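Have a look at the structure below before the remarks.
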Amino acid sequence: MILDYKLTYPSGTATAMLINSFHNNTGAELAGKQVKCLGKYLSLSLVWSCFKWFFSGIGGACGFDHFPTLGLTLFKNTFYFDFSPTFIGCGMICPHLVNCSVLLGAIISWGFLWPFISQHAGDWYPADLKANDFKGLYGYKVFIAISIILGDGLYNLIKIIVVTVKEICNKSSRQHNLPVFTDILDKSKTSVLMREKKKRDIIFLKDRIPLEFAVSGYVGLAAISTAIIPLIFPPLKWYFVLCSYLVAPGLAFCNSYGAGLTDMSMPSTYGKTGLFIVASIVGNNGGVIAGLAACGIMMSIVSTAADLMQDFKTGYLTLSSAKSMFVTQLLGTAMGCIIAPLTFWLFWTAFDIGDPDGLYKAPYAVIYREMAILGVEGFAKLPKHCLALCCGFFIAALIVNLIRDMTPPKISKLIPLPMAMAGPFYIGAYFAIDMFVGTVIMLVWERMNKKDADDYSGAVASGLICGDGIWTIPSAILSILRINPPICMYFRPS
């Protein structure tokens, strides 16, 4: 993919360019300033998160996280600015189109759709249901979000497969029918580039990973997983695990090739396919657990393949050894096997994970579980008109993507992204407000000084996100020790 097909892997290439830029005087000086900037905003974000904690109270909508900045009426529909450095930083990093798409999704769902459906409580669904009952309004929120995600994912999956097949066919056609480009171009113009490419190729291939090692490693991991995973998740039988490992390499190739062409890695789309298939086959005898576990296996394999290819592209462009890259990836994975469960335990012990009204809603955990339930029980359990609405939004996601690809770039860059719009349908509008604040900050900054915005916006955004994230560790420790915030700041009508 890197040497023969010469795929770009945009993220990997951008990372390589950044690393290479550090090794010249200008790049080193800028990097030092960026680190100082990151440290400054990390400290500010950490201090602000600590300050917010004192007013967050317990057992209610307390603190700056529930500040009705746009009024109490809009606050009830989750339209408020919650002073979150994390989401502001995300808004500064994400493209303007993504942030505007998220805000549009919030306006459509919480501004119009959910209030409209709420007016039919008692007719479309029982009015006395709990807030997190899927037979009520909560079901509309989750399943309509799922339908948009599935529509967007299906479209992009088909698109990438078509682009991949077309590119492979064109590549083989060019190799057979076209003359070698070095015979056409002036050698004086290509000699320097060819020497650089030859040097990269030699270094990259010198420490190549043997095919036998790769195959034997995959077979070994497949054997271990086939034996162990059914012991952890009994409903997922060994033959489902084995089938997942047999099918995954083909899907991993498609995903890796698509990521190389478009920078889009879509393991969740492949995982959802496995989730529905396994959940529907297993049925009521553990189909939910089996589907989720199969989804996890598929996503792990498919996403890892694309991530490794991005890293190998970075290694190729920075003259790094492929074996060194691979060993480093193994070390990172081994650390993740320890750090990830500990982090999960910390959050699970200290916070109410999955509470629809809490800080950590874990939206995709709920969404994937409901997908598995849908695969087992079918559509009969959905509230009234929910299936029709889901079909409408699924088709709308397909149409919007199709329009984006068929229109000229000047128009398509103004058309919203369905995948970005889906998030606030379930989570709420507050994070859309935060991200839009981030995009407004970037627009003003770019207008005032574009060079500084390009050089330092990533450092500022990273500092805001990291400072807020670091505070979760002492916050979790305080929660485990049963040390609660001393003040509950909340708002009510006068």
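Using the three backbone atoms N, Cα and C, a Cβ is placed for every residue, glycine included.
What TrEMBL says about a protein is an automatic prediction, not a curated fact.
Remember, it's a predicted structure, so these values are computed and weren't measured experimentally.
Copied over from TrEMBL, here are the features:
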- 53-75: transmembrane segment (TRANSMEM)
- 96-117: transmembrane segment (TRANSMEM)
- 137-158: transmembrane segment (TRANSMEM)
- 209-233: transmembrane segment (TRANSMEM)
- 239-261: transmembrane segment (TRANSMEM)
- 273-306: transmembrane segment (TRANSMEM)
- 326-351: transmembrane segment (TRANSMEM)
- 386-403: transmembrane segment (TRANSMEM)
- 423-445: transmembrane segment (TRANSMEM)
| said: Using a Cβ cut-off under 8 Å, which residues of the same chain at least 6 positions beyond either end of the transmembrane segment (326-351) come close to it? | reply: 209, 308, 311, 358-360, 472-473, 475-477, 479-480
| task | Mark yes when the transmembrane segment (53-75) and the transmembrane segment (96-117) have three or more Cβ pairs under 8 Å (sequence separation 6 or more) and no when they do not. | result | no
| message | Counting only residues 6 or more past its boundaries, what in the same chain has a CB within less than 8 Å of a CB in the transmembrane segment (137-158)? | response | 109, 113-114, 117-118, 121, 125, 129, 131, 264, 266, 268-270, 272, 356, 366-367, 370-371, 374, 382-383, 386, 389-391, 393-398, 401-402, 417-419, 421-423, 425-426
| said: Counting only residues 6 or more past its boundaries, what in the same chain has a CB within less than 8 Å of a CB in the transmembrane segment (209-233)? | reply: 241-242, 245, 249, 289-290, 293, 297, 322-323, 326
| said: I need to check the long-range neighbours of the transmembrane segment (239-261): which residues 6 or more away from its ends have a CB within less than 8 Å of a CB in the stretch? | reply: 1, 5, 7-9, 160-161, 163-164, 167-168, 218, 221-222, 225-226, 229-230, 267, 270, 274, 278, 290, 294, 297-298, 301-306, 309-310, 313
